[in-house]
Every structure is written in C-alpha cells, then in structure tokens.
C-alpha cells in the first residue's frame, strides 16, 4: 500500500444488505482512512427490474435499517440513481476513491454489470475487492472441483461440497474506529433513500397497504427472527426431529421464515447455517447432523451453482437443462390464476396472499405451481416464474427458476414423473382444516359452511344465498374440472416422456426419492416416527387427484 496517499474506500451494497458477516466490507475497512457506504438504484439492482410494490417496499425497509445501523456507527448510507459505472467514475473523481469493495453477486444476470465496473476500476487504477458471502461456497469452486462442469444431480453436488469442506464461518463484525466517516448536514436531501413515490412505485390494490401479515425488511428484523427461529429448532432437536415447520405447516401464525432476508442478504446464509448446526451439536452432541438439517440451504446452493454459467436458466426453449415441453397458450387462464380467480378457494386464497403480502408458505407455492403447470392448466412454468418474480419477497433469479422447473417436471428425473398432482380441493382441506386461511384471504366466502368452503359450487342454492355468496356471481365457478384437467395433463406428460424415450437430457433435479423428499420440505421421519415416502402413499402428499 502507498502510505503517502489517503486510502478512500467505497463499499458498494447490492445484495448483502447487512453489517454482520460481510467480508468485503471488513476488507474495505482494513487500512482505510476515509469510508463511504453506497447503494445505486440502476433499475435492476437486487431484482428491482421485475419487482412489484411489496418487494420494492421490502428493499427500502432493508436500506432504511442499514442506514440506521450505519448511523449508529457514525456514518450514513449514500444512495444514488444511475448506471454504476457512471456513478462510481464520478465518485472516484469527487472523493478520491482508491478502493471499491462489494459482495459477489453469484448469478449470470449481474456479470456484465460487474465486468464493466471492474474494467472502470482497473482503468482508474482503483483497487477492486469482491468476496463471496451470498452463498455458502463459491459456485465456481464447486464447478472446478467437479471437473469444470456443474454437478447435474443433488447427490453429486453434496459429494463435491463434502470434498471442499464445511463452509466458512461468519467473519467478525465491522469496526469503524479511527476511520473518517464523512456525513454532510444535507445528507438526506442529497443522498437519502428514495421513497416509493420517488421511484414511481405504487400499490396495485388497497390490500397491499392493509396487510394482514406484515413482513419487515432489514438486518435488525432478520436477526430478531433468527433468534426466535432457533428456539423452535432447539425444541425440535430436543424432541428428536428436524425441520419442525415443514410436516405440519403453519399458514396463519406470524411469519418466521427467513427466506426474504436471505434473498436480500439482510441475514448471512453462513450465520444461518452455522446457527443451525451449532445448535444441533449443542443439543445432540453425540449424534451427527442429518443431511436434512440444512437441506433447504443446500438446495439454494445447488440452484446457484447450476445457474451461474447459464444465462438462459430462467427460460425453457434456450435452457440446456430444461425440457422443451409443448405447454398450452391461454392468456385468459394465465390471468385468472394470477388474480386468484380460478374458482378453487384453496388456490385463490394463496394467490391473493401472494399479491397482497408478498409471501406464501412453500406448501402453498407447490400447490399453485402444480395447478398452473402439470396439474390442471398445463401452462408454461415461465408464466408462474414471472408472477413470482413480481410478487414474492424472496424470489431470486436462480432459486425461483429452479423451483419452477422442478415442480413442473421440466427438470426431468424418474422420481418426478409421478402421475399424481395436488388436488386443489382435498389438499386444501388437509393444509387448512379449519378453513381459517381461506376465509382470511377470500372474505367473500367467510360465511360459507366448512363443508362447502373448498368446493362452494357444490353448495345448494339456499346455502349459497344464506352465505351471501352465489357461485358464478359473487365468486367464480371453477375455471376447469380438476378431474378432467388432471387426466389430460397426465396424458400430456406421458406423451412428453414417450417422445424423450432413450434420450439423455441434462437436468437440474433430484436423483432419488430421498432427495425429492428433502426438496419438497418433507422430513425423513415425521414427529410421530412415521417414514415419509414422498409419493402418493405418503401422508405428506396423500391428498392427490
């Protein structure tokens, strides 16, 4: 380092909107004289290109919390709007920047942006530091250890990561001592976080500002939820099982999921991983951690690795690991599914919650995804992906597309060629036995007797009149007959399988029954000791067509 010049560091936040376990930030603060934390709105950062109202609001909450935590440390978050290369070039000149640090964004859609920034910094003789912390491992290291190509099955992926070794533990918290942290008196006016109105982001419906369940973004909330979550995990370990929330999903209680905070990097995935593993070791010191303990985090890693060199990962026709299935083209069906007007209350309640609040439980995601694709409507999974990208708080480019390929059987594997699908009536009854969830998000059905709640078209007219909900007037008739539609989808899938007979297709999918179970959030064993088989004989999937 040149000791004769002042070291001026910019840390560029994109994802990784946190202070804890932020190795690129720690690097920037080492041997730093003057420091500026920066966020740049470029129309795409952190998924803003496809984000709807709730996702944008969650992002701004993350930035507000980050600014609050930076303020407590003596500095503030500097926000700009424009192209990163233009903004950074200006800051290099105005602030005399000597180093720029940022967390690696492990998806191909960000590679061109980061390449241009690296070229600029090299041209300006500014040091560039980029470190991996959005994933447990560096996806490129996994590919290198697999001979230069991504592991095509989850089993192989786990084998490769086991040879690399456990993921790094979280780094220490940042120390801003003895560093100049300039903040102008007009900071909020010059560099403050824009409002939703400033960004011309407006709600689609009044329910988005009258949420029944509110998700709050930011590192502070993420760490608070983690502490609560770990109490639930500890109790499950003490009782002899893991994944306590998955076998009997709770659709109604206050949110405990950390997926949105992981997606925006408010919570370090390494902190989450090691919190789970350390707690299990503390509770069960003589028992090795089961693979299912952190299976969902491993699937997240797997999808990032599969996507990192595949710019077409979120598409069907140009995606080398996805089956090219002749889906139907039906804009009317697309719109009814999106708006939650299918005529199936279980499906519609899920889609209403998604649009209103930005999050639904994974069992609900599987239900609506199956209904859209191979279960009832036979529509392209890209339709659903586009909707999830807009509404889901936790939807990121790699994991969300991977989930859609899996649920639609577009990522082909023997265990996924099951002819059964989630029944939009019986599965809803099993997940919501009291009907409270459906009534919460479909108040038009609040007075419908439970007997008819999940299939109100079967209610006699006097019952509908008493419930003040006439099917076909106040609530839509079913858009398809599930029995007929599901049989048609089965025949369509069989035709696809027959056409592919004997052909080897690369895939992004489980390679055995156990992997399918873990992907579907179904535990190896139920709390009562029963074995989950992940097929139509399993209690977890017993309400099929």
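The backbone N, Cα and C atoms fix where each Cβ goes, and this holds for glycine too.
Feature list (source: TrEMBL):
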type    : residues                                                   : note
BINDING : 237, 296, 297, 298, 299, 300, 301, 302, 303, 394, 395, 396 : FAD binding site
DOMAIN  : 7-136                                                      : domain 'Photolyase/cryptochrome alpha/beta'
SITE    : 327                                                        : site 'Electron transfer via tryptophanyl radical'
SITE    : 381                                                        : site 'Electron transfer via tryptophanyl radical'
SITE    : 404                                                        : site 'Electron transfer via tryptophanyl radical'
Taking the Cβ of residue 299 (FAD binding site) as centre, how many other Cβ atoms lie within 10 Å? 21
Nearest of the recorded sites (327, 381, 404) to residue 299 (FAD binding site) - Cα to Cα: 404
Expressed in Å to no decimal places, the gap between the Cα atoms of residue 303 (FAD binding site) and residue 404 (site 'Electron transfer via tryptophanyl radical') is 11
In whole Å, could you give the widest CA to CA gap in the FAD site formed by 237, 296, 297, 298, 299, 300, 301, 302, 303, 394, 395, 396? 30
Looking only at the recorded sites 327, 381, 404, residue 297 (FAD binding site) has its closest CA neighbour at 404
Find the shortest Cα-Cα separation between residue 395 (FAD binding site) and the recorded sites 327, 381, 404, and name the residue that gives it. 404
Surrounding CB atoms that lie within 10 Å of the CB of residue 301 (FAD binding site), all protein chains: 24
Which recorded positions sit within 10 Å of residue 327 (site 'Electron transfer via tryptophanyl radical') - Cα, from 237, 301, 404: none
Min neighbour Cβ count (10 Å) across binding-site residues 297, 395 flags 297
Cβ neighbours within the same chain of residue 237 (FAD binding site) - under 8 Å, at least six residues apart: 279, 280, 283, 284
Cα-Cα separation of residue 404 (site 'Electron transfer via tryptophanyl radical') and residue 381 (site 'Electron transfer via tryptophanyl radical'), in Å? 6
